[in-house]
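S.K.: The structure under discussion is supplied below as structure tokens; questions concerning it will follow.
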Amino acid sequence: MKKLIGIAAAASLALVLAGCAGGDGGTGAAEGPKALDELVVGFAQVGAESGWRTANTKDIQASFEEAGIELKFSDAQQKQENQIKAIRSYIQQGVDYIAFSPVVETGWDAVLNEAKAAGIPVVLTDRAVDSKDESLYVSFLGSDFIEEGKKAGQWVLDEYADVTEPVNIVQLEGTTGAAPAIDRAEGFADVIAENPNLEVIESQTGDFTRAGGKQVMEAMLKSNPDIDLVYAHNDDMGLGAIEAIEAAGLVPGQDIKIVTVDAVKDGMQALADGKINFIVECSPLLGAQLVDIIKTLNDGGTVEPRIITEETTFTQEQAIEALPDRQY
Amino acid sequence: MSALLARLVASRLFWPIVMLLVLFTINLIAFPGFFAVTLRDGHLFGSLIDILRNGAPTLIIAVGMTLVIATRGIDLSVGAVAAISGAVACSIILGSPEPANPATVAVAVTVALIISLVLGMWNGFLVAVLGIQPIIATLILMTAGRGVAMLITEGQIITVNSPPFKALGSGFWFGIPIAVIIAAVVFGIAALVTRRTALGMFIESVGINPEASRQAGVRARGLLFVVYTFSALCAAIAGLILTANTAAADANNTGLFIELDAILAVVIGGTSLAGGRYSLVGTLVGALVIQTLVTTVYTVGIPPIATMVFKAAVVTIVCLLQSPTTTEALSGFRRRLALRAGKGVAAS
């Protein structure tokens, strides 16, 4: 008899578990769509390490407020452990959706599995994770960093198309291990490989910050007196590099050309002033697209696993034109 | 001669200085022009100048930290205080109609420093009056402080266009970086006030045995209060330099983990975390070792992935060489060598 009860209990438990798993499909069809003002979305931001990131934060917060969806926001200060803690706390609070920009690419499987077990769909914004299990997130909304690196590389290739001497390039990398740092380096390297004169003679991380870019550039200028071009993985490091170049008595944009990625306002200003030569845009304004994804999922629809944000590039002339309307 | 050598080796500063020289040599091999200091645009220019200028904030904070550690305390909140002072100064400058006016900058700097005094007194109050353990007491401000800085900057990086403010971080005075001059002044004042008066001895006595010092008539409570306030003031000065260096207040990154660098500088300099005897000169050497290490990574071109391991290795070596057990073993080894060579230890 006892054995029977045990089996029955196990069976009913299995049923309950199956029930949970059934709900995990993300369709939510049984419950039907929730009213927007009942939805809670948890967003785990990387930090506020650059002007780009703060523009991204502001846009997401504004978009959710406009849509009337409650947004729980956390700032990980560029630390993966903080971000994992934030995501865990969202799972415990039972939010409806979780969105986050992973600080680094790897090490997310455990926490994403917890979210999956809790039946909370995860949307990645702006940065990808390196995981074989693609069922861990419903969509990745963001830029194609390899493409950005290629665009930067293409400009360099065109600029130095007729050069017969070696061109010394230094690269200011983003945070070591971060997706944009890896991909922007890769895309750039792929394209400039076409011209053997173009050589990246040194590459160092500036952690996506101005102070980092400045300090690295200072040291590079001392040990490599013949730098022709700086490729910085974001505007802020480029702005730091400008300071270092000026302190060395050189003219940024002329003596040493600068190519960056992002196109934040301070960067665009420097581009318009002729201190930067070319900027590949990486738009932080993806709040509206994120809200759309959440709405679609809430209505029981499906979304593409990869959504790319629309982006362009800027030359100095284009920067002067675009600057007055720049939001961030 | 060998007696002199033995005394040198026994000195707390021997290994840190050796490490500094080793790092210099590595740099020199990787980049022969490492020691070259030239005059460019009317100011000094060279790798050594970079090390001094970029190391100035760490040194300033480490000076305050040395005194705190000498009282058997620790101040984890310095990075947050640095972020707050930078944020305060930049938002004042940004909000003023004349950001380039030196008077505006003077007001901004003064307000930032006054706020840091209040923050330091808060730490001092928790430690000296309420008797909370320093690591816990300052942890409060370490965590909360960055939040405060974020509130002040509203989560943005505040960029200011103010040449007089920027000069604090990247300007020059008679060709010498202003940041270095500020660091020298802070160091000089701390050395003068604690070593030319009995204050330094009081601090050490409180660190060695608070109760005995109290019974001997040292006002430990007031002393702790002053030490933590001074540490916060140092942190604020460093924060202003860090912020001025890029002319932008970045609440998230200004002085991030600088408390650890400062503690490391103090420890490399031979001051024990258990309190008591301290060495400001040691702290100076420690701060230089740390900054030279950072510059070495860039000069030698160590790949970013290996950077942390390289730094860890160097720091581990310094700490191992400095530990009392190693020193003991080394001197024992030397004694045996001397005996084997047929010379008595006494003869040397």
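Positions of Cβ are set from backbone N, Cα and C atoms, glycine also.
The transmembrane segment annotation in TrEMBL covers B:12-39, B:51-69, B:76-94, B:100-119, B:126-152, B:172-193, B:223-244, B:256-274, B:281-302.
Each of the listed features needs to be described in terms of its position in the shown structure.
M.R.: Non-local neighbours of the transmembrane segment (B:12-39) in the same chain are 45-49, 175, 268-270, 279, 281-282, 285-286, 288-289, 292-293, 295-296, 299-301, 314, 317-318, 321-322; each lies 6+ residues outside the stretch with a CB under 8 Å from one of its CB atoms.
Residues 57, 61, 64-65, 104-105, 107-109, 111-113, 115-116, 119-120, 123, 135, 138-146, 148-149, 152-153, 158, 160, 162, 165, 231-232, 234-240, 242-243, 248-252, 254-259, 262 of the same chain lie 6+ residues outside the transmembrane segment (B:76-94) yet bring a C-beta within less than 8 angstroms of a C-beta in it.
Within its own chain, the transmembrane segment (B:126-152) is flanked in space by residues 68, 72-77, 79-81, 83-84, 86-88, 91, 119, 220-222, 224-225, 228, 249, 251-252, 254, 259, which lie at least six positions past its ends and keep a Cβ under 8 Å from the stretch.
Listed by sequence, the residues of this chain that lie at least six past the ends of the transmembrane segment (B:223-244) yet keep a Cβ under 8 A from its Cβ atoms are 56-58, 60-61, 63-65, 67-68, 71, 73, 75, 77-79, 81-87, 89-90, 109, 112-113, 115-117, 119-121, 123-125, 127-129, 138, 165-170, 179, 182, 186, 190, 202-203, 206, 250, 254-255, 258.
Here the transmembrane segment (B:256-274) has long-range neighbours at 12-13, 16, 57-59, 61-62, 64-66, 69-70, 72, 74-79, 82-83, 142, 207, 238, 281-287, 289-290, 315, 318-319, 322, meaning same-chain residues at least 6 beyond its ends whose C-beta is under 8 angstroms from one of its own.
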S.K.: What same-chain residues lie close to the transmembrane segment (B:51-69): Cβ under 8 Å, and 6 or more beyond its ends?
M.R.: 75, 78, 82, 134, 170, 177, 179-180, 182-183, 186-187, 190, 194, 203, 207, 227-228, 230-235, 237-239, 241-242, 255, 258-259, 261-263, 265-266, 269, 271-273, 275, 278-280, 283-284, 286-288, 290-292, 294-295
S.K.: Are there residues at least six beyond either end of the transmembrane segment (B:172-193) with Cβ under 8 Å to its Cβ atoms? List them, or say none.
M.R.: 39, 42-44, 49, 52-53, 55-57, 59-60, 63-64, 66-67, 199, 230, 234, 237, 241, 245, 280, 284
